[in-house]
Structures are given as C-alpha cells and as structure tokens.
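Asker: Before I ask anything, here is the structure I am working with.
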Amino acid sequence: MKNGKCKRALAFCKEKVLNLRRYWKTPPDKKYVSYREIAAYSVGGAGVYFIVSMVGLIVLNAGSMIVGASIGITALDLQTMNVAATLVGLVFAPMRAMLFDNTRSAMGKFRPYLLTMGLPTAFLGTLLVYLPYEDMAYRDKAVSVFVVYTLLQVFSPFYSAAYAGLVQVMSPNSSERAWIIEVSSIIYSAAPTIINPVLPLIGPLEDLHTYRIAFPVFCLLGVAVSMLCVFGTRERIIVPKRYVPRVGFWEGFKKVSRNKYFWIINLSTWLNFLAGGYGYLFQWIFYYGMNNTGLYSLMVVIRGEAATPGMLLGAPLANRLGKRRICLLSMAAQVVCLVLMLVCYKSYILVFIMIYLKDMFAALSIIYLPAMKADVMEYQQYKTGDRLEGFIEQSGVLLGNAIALVTGYAIPLILQRYGLTNNYDDLFNAEFRNPIVYAMIAAAIAGTVLSLIPFLFYDLSEDKRQNMIRVLKIRALFTDNRNGELSDEALCDTVEEVYAAYAALRETAGGTDKASAARRAAAQMTVAELEKFESAAMRARVARAERLTAAGLDGLRQFDRQLLTDACAMPRDTKAQRRARKAAVLEARALQRSAARLQKHFPQGARIPCEADVEKAYRLPEATRAERREKRHEKSRAEREMHRLTVCAAPYMAAKKLLEERDAYSRWPELEARYRQIKA
C-alpha cells in the first residue's frame, strides 16, 4: 500500500514537472498565460512588494513606528496631516484614472507605470527616513514629513495600482486569473515575510536608524526584481482590435457610478474604518507587552505564514463555493476570531492563536477580492462597452479618501480618549496598554460586521459572469468581422460559446429548481445579446437612429424644444411608462446639449474631423527623431479633435454606432456558414 502511494505521489510530481516544461512558453489549452509569464509576474511582484511594504511603513496614523514612535508626531496631528495629504491626493486620483484608461502604449496600460514609478517611490521613501529630524523642532519635523509623504502619494499609488491592475488584463478567463493571483500572492508575500522579522533584528522599531539601514537595501532590491514583471508579461483584453481607449473623467465616472458592484465592494471598504485599529494590536500586545525583540521576530515569522493556507485554499474554494460565499465565510470567521480575542486578549498564547486564525481567514480576500474586482470590470464593459479599470479603481480611491477625511478621526479620537498621543513608551505598561487593546478589538468587531453587510447584496454569479464574457466575445466577433480582422480561431471559439448557451436553455427548459433557473437566466444573457435587434424596443431605437443620421450634423445643430416638452408630458403611471419617459427625457436633453456644443465648437461651415484623420496620423513615417516627434504631435491633435467631435455630437455618434452594430449583427447566418465550412 505504501509502495502504491509512493508511486502515485511520484507520478503526480512527474506530471507536474512535465506540465511545467510543456507549458513554460505556451499556455495550456483554453488558457491565455504561459507558466513563464506567471513566474515573471509573481517574482517581479515580490520586487514590487519589497518597495510597497517598506513605503507602507510610512503611514500617518497612530500605528506608525516611523512617524509616530521614531520621529515623534502625535496621533491627532498625524490624522490632521493625513487629511491634508488626502485632500492633495484627491487631485491625483482622477488623473491616475484617466492615465490608466487612456494609455495607448505598446506595453499596454499598466506596465509603463510599473517601469517608471518604482524608482521615485523608493527614493522618496528612503529620503523621508534620512532627513535630520534630530536637529529639527517639532513643527519642522511635521512639515518635512508632510511634504515628502505628499510627494510619495503621487508615485506610490500609481505603482501599487499598476501591479494590481496588470493581472486583471493578463487573462480574460476568471478562473485562470484567480489561479494567477493565488500563485503570485504566495510568491510576492515573500517580501513582507522577509521584511517584518528582519526589521526588529536590525534594531529597535522605535529607532529611526533601523529604517535608515533597511530602506535603501530593500528598495533597491525591489526595483531590480520588479523589472521581471515589467518585461516578462503582456496584457490581453477582449475588445475589438480597433478599440481606442479615450475616456474623459466625468464621462468615465458617470459610467462607473451606474455599476452596482462597484458600490458594493467599495462600500464594504469604507464601512471598515473602525477596524483600522486592529493593525496596531500585534505590535502593541507582543512588541510592547513581551519586550523581547528576538521572540517578537520569531512570532512575526510564524504569523506571516498564516496567510499561506488562506492563499492556497482561496482559489479552490472560490471555484467550488463561488466568490460571494467564500467572501461571507471569510468575514464571518474573522468576526468570530475577534469576539474570542475580546475574551482572551490578556493571554499571549490564546490571543496569538486568534490573530493567526483571523489572518488565515482574512488571507482568502487576497484571492477572492481581486477576482471580484476583475468581474466588476467585465460587468462594466458588458454594460457600457468600456474597459475602465483605472476609473473603477481610482474612483473608489477618490471617494474613499473623501470619506476618510471624516471617518479617519475615529481611531485617533478613541486613542486620545485612552491617553495615547505620542507617549508610545507608556505602552510597555500593561495597565495603560490593556484598555486600549480592548477598545481596538471592540471597534474592529463593529467595523468587520459593517463591512460584511454590503456583500449580502452581491449577486454576480459564476454563470452570469461566464455569459457576460460570451456577450463580450459576440460584440468583438461582429466588430472584428466588420473590420475584416476576424480570425478563424476567434470565430470558432465564439460560435461554440453561443451554441453552449442555446444548449443550456434547452437543458433547463423544464427545470423548476433554483440552480436551473439561475443557469437559464444566465444563458438568456447570451441569447438576448445575439437577438437584441429583434425586440420592439430596439427596433424603435434603430428607427430614431436612422432619422438622426439622415439629418446629419446639420440637423443635430437645430434642436426642436418640442421634443423635450413632449418627453416631459409622457405618462408615468406605471413602472414601464416611467422608464420610457425617463429614457425619452434623457435623449431629448442629450440632443439639446449636443446642439449647443456643435454650435460652439463646430459652427456651420467648420471642418468636421473624421476617423480617417486619426488613421492617417498613425500611418506617418517615424524613421527619424523629427518624424517621430511630428507623428506624436499629429496623433495627439487628430485624437483630440476626434474626441471633441465625439463629445459634441454624442447622440449622432451613438446613432451611427447603433446602425453599424445592427448591420454587423445581421451577418450572423454568414458567420455560422463560415464556421460550418471551417469545421467540415
């Protein structure tokens, strides 16, 4: 029996090694990413996290050993500085969103920022700890920290957001993304796992010289290793091949604001503000309580491994139970651990076990949360046709920072109530420390329960997500076919996906159970997309689009106010009537705005730009430096003019797009015939 088990184990290991060699350069069937690329993303991520983890030690809150305990800024002043830095950051969050989602580069939309933002982030972090605070007055210390920290917030969020966003576009396959996240999180977590126990061995955590040794070493190592992630990966997005990412800030924010899953995920984060004090507990209980740096370093190492089981189990559990269930399970288990901590926080052994278990359950979010965010981005593309990774991420940051201007004072005020300002040495005293620890645990329980509630309304199932991907493939199929860029492989893949949806409808036709109903509803998304131009509502939209395009831009300049009057006078007794009235009013107001904008920017007789101008600019030669400079200028000018026309004549452009889409969808029988010919 033992020999049989050994043989099976050896066969299993041999198979894994063979698969590693087989798929090192070429991805497995139905996958998009090779093992070499996953390794580059993961190991390069360790470099990113060496920098992110070191810079993450510089925070403007009561738990900061650098700014609070070492430099000596009080907890309440730290929060006030954080508010001021946040206000400055509110300016940069929209800029990050626009840059991410409007980047047109051979490297993609995220890798350019991984290349350019790492070194400034590392330099500013190192600069902050090397300033001569020993010779400064308190006010000068506070001003110096604030200035460098604010500059750091210009570069650091670009860097971390670029790495987090890259995995969302490496593969359109959700399960493959989850697996990449699982593998990479285990590997890049080596960075904080190394940093956290090494720091107390270098010197006391409340001594600034400890960080003056650690920062340059870890940051330079991080910059070098992160280059693997920059040059060893590529981005893949399911969009038509001529897709041009060009989105204005307010336009992007308006589209994102209609995404209910965006609100669910971010609301959960915003409601978690009371749990902020949990991050201080381990250090306060064990570093100050035990006053033994060697033992503390060992405990940090052991605690660091708590995330490994969660990261290993995250993807299998998410695939088996679904992201929503594993999310709720993770958060509920964390609440239980916190409640038990409230009972046993004076016992070092028991509270360490509870912290270990809580961190293990929390580590599941390393897998399910990025996977959920990727699904939210695909839902955004499904609803509006736009890839808005930057806007979705940075809009959440922007709103979250604005909310934190108020909620961020909760923890500092609680700490001040218990007598902690910048007197961190008093934490060595158990009588002073224990009431604060108790208050932080109680606040963390309330914060975790509040953050759990929004996920009760998260209903983006795996079947629904799979059919969203099918819809996106259908749209790309018709657009690429219209442009003469449709490959046989993409055609066969998408047609088979459509046939699978029709098969699911047939199989669940007589089913009355909940699972059959959910599967049927999800498959109907695919069928509805393919047959959408057959509905009465869509035929009415097409008729309006035909009238609008027939009138042309000259007709759009002349707005008839009677349209708005008639729309406002429509009946609104039933839900359907109110929906129709709202759509009519919005359409009339869009026409009114468009007429005013056209009169201003493109008056009668003005030259109207077209897409051919952009294509002409892209065909300009670029052999010499002068030609490349001229090409960049012409591309920018042509895109800017085309974007202005798109904004000014939005209803007309939307009408043209709708008619082009209708003509493309009408060719489905031809595509089916081509598919049968390929398979013959």
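Glycine too: its Cβ is placed from the backbone N, Cα and C atoms.
Pulled from TrEMBL, these are the listed features:
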- 622-642: region 'Disordered' (REGION)
- 38-60: transmembrane segment (TRANSMEM)
- 66-92: transmembrane segment (TRANSMEM)
- 113-133: transmembrane segment (TRANSMEM)
- 145-166: transmembrane segment (TRANSMEM)
- 178-199: transmembrane segment (TRANSMEM)
- 211-232: transmembrane segment (TRANSMEM)
- 261-282: transmembrane segment (TRANSMEM)
- 294-314: transmembrane segment (TRANSMEM)
- 391-415: transmembrane segment (TRANSMEM)
- 435-458: transmembrane segment (TRANSMEM)
Asker: Going by DSSP assignments with H, G and I as helix and E and B as strand, what are the residue counts for the region 'Disordered' (622-642)?
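Answerer: Tallying H, G and I as helix, E and B as strand, the rest coil: 18 helix, 0 strand, 3 coil.
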Asker: Pairs 6 or more apart in sequence, C-beta under 8 angstroms, 3 or more of them: is that satisfied by the transmembrane segment (178-199) and the transmembrane segment (66-92)?
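Answerer: Answer no: the transmembrane segment (178-199) and the transmembrane segment (66-92) share fewer than 3 Cβ pairs below 8 Å.
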Asker: In the same chain, who gets a Cβ under 8 Å from the transmembrane segment (145-166) while lying at least 6 residues past its ends?
Answerer: 41, 45, 48, 51-52, 55, 58, 60, 67, 71, 73, 81, 84-85, 88-89, 92-93, 96, 100, 108-111, 113-114, 117-118, 120-121, 124-125, 127-128, 131, 229, 233, 235, 370, 389-390, 393-394, 397
Asker: Taking 38-60, 113-133, 261-282, 294-314, 435-458 as candidates, which has the most Cβ pairs under 8 Å with the transmembrane segment (66-92)?
Answerer: 38-60
Asker: Do the transmembrane segment (211-232) and the transmembrane segment (38-60) come together with 3 or more C-beta pairs under 8 Å, pairs six or more apart in sequence?
Answerer: yes
Asker: Six or more residues out from either end of the transmembrane segment (38-60), which same-chain residues have a Cβ under 8 Å from its Cβ atoms?
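Answerer: Beyond its ends, the transmembrane segment (38-60) has Cβ neighbours at 66-67, 73, 78-79, 81-82, 85, 114, 118, 121-122, 124-125, 128-129, 145, 149, 152, 156, 159-160, 163, 166-167, 170, 180, 183-184, 186-192, 195, 211, 214-215, 218-219, 221-233.
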Asker: At a C-beta cut-off of under 8 Å, are there same-chain residues at least 6 beyond the transmembrane segment (113-133) that contact it? List them, or none.
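Answerer: That would be 47-48, 51, 54-55, 58, 66, 71-72, 99-100, 107, 141, 144-145, 148-149, 151-152, 155-156, 158-159, 161-163, 166, 208, 211-212, 215-216, 219-220, 222-223, 226-227, 229-230.
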